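For reference, the structure discussed in these notes is given below.
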Amino acid sequence: MSPAAAASIAFVVLVMLFAAFWAWQLKSENAGMIDPIWAFSLGAIAMFYGMASDGDPFARALVAAGGGIWGARLGWHLWRRNAGKQEDPRYHRFREQWGAAAGRKMFWFLEFQTVISMVLSLAFAVPAWRADKPSVAWVAIAVAIWLASVSGETVADRQLRRFVADPANQGEVCRVGLWRYSRHPNYFFECLHWVAYVALSIGSPWVWLTLFPPVLMAWLLMKLSGVPMLEAHLVHSRPGYAEYMRETSALIPWPPRRG
């Protein structure tokens, strides 16, 4: 199957899936559940591309396994965080801001995420459809980046989940483990994950396309839907968060500043 045909199928399925979710969230009023669905669907696209491609079998297997495992882990984490809980404050704020137009605007907001997903899926498409086998050195680098990023994000998520689950920490700022060195270590490792597919695509004439996903992810998390919206909520709900912001790196893990 050609990459254009596979991408078209993936896009149509995403549009229908997100439209169905939009209809569901009208009644549930929990649009935050789109987060795990987004992760699961991107992982499924990676596996689909790996199976549908006629590129190098080894590269295809790496894409399917890497993207599939990443999507399953992140999706399950986000599912446990959102299912049966109150709506994520970011989405709840959208509803309040949009007022009577919330239904219509939420639909287009969700469907716009299908476009973002397709841009991110370039990271899977380029290595999956490369005709030649990637070099051993670049495969080793790609796997090392993937392992470091997925492991790091898993550790960061687990540390935060355990901190929040402890009643003694209610209203407190998480400064344990990786969270002592970065306010958003999970976001850092999420951005790093997309760099693995750049390394896996070295040697392909289309490698430049794989630069868009990590740049887009970093922009989304740091400038749009991630850090700004989350910290606007935390600075008011966590008394010590303003101090934490002054002392701690926003993204890249780094020793905290003092004084």
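If you go along the chain as it appears here, the first residue is 1 and each next one adds 1.
Note that Cβ sites are derived from N, Cα and C of the backbone, with glycine treated the same way.
Note that the coordinates shown come from a computational prediction; the quantities given were computed from them, not determined experimentally.
Quick look at what TrEMBL lists:
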TRANSMEM  6-24  transmembrane segment
TRANSMEM  36-52  transmembrane segment
TRANSMEM  58-76  transmembrane segment
TRANSMEM  107-129  transmembrane segment
TRANSMEM  135-152  transmembrane segment
TRANSMEM  187-209  transmembrane segment
Note to self: Can you see whether the transmembrane segment (6-24) and the transmembrane segment (107-129) are touching - at least 3 CB pairs under 8 angstroms, only pairs 6 or more apart in sequence?
What the structure shows: yes
Check: Short question: which residues 6 or more past the ends of the transmembrane segment (36-52) have a Cβ under 8 Å from it?
Finding: 1, 3, 6, 9-10, 14, 17-18, 21, 60-61, 63-72, 74-79, 82-83, 113, 117, 120-121, 124-125, 128-129
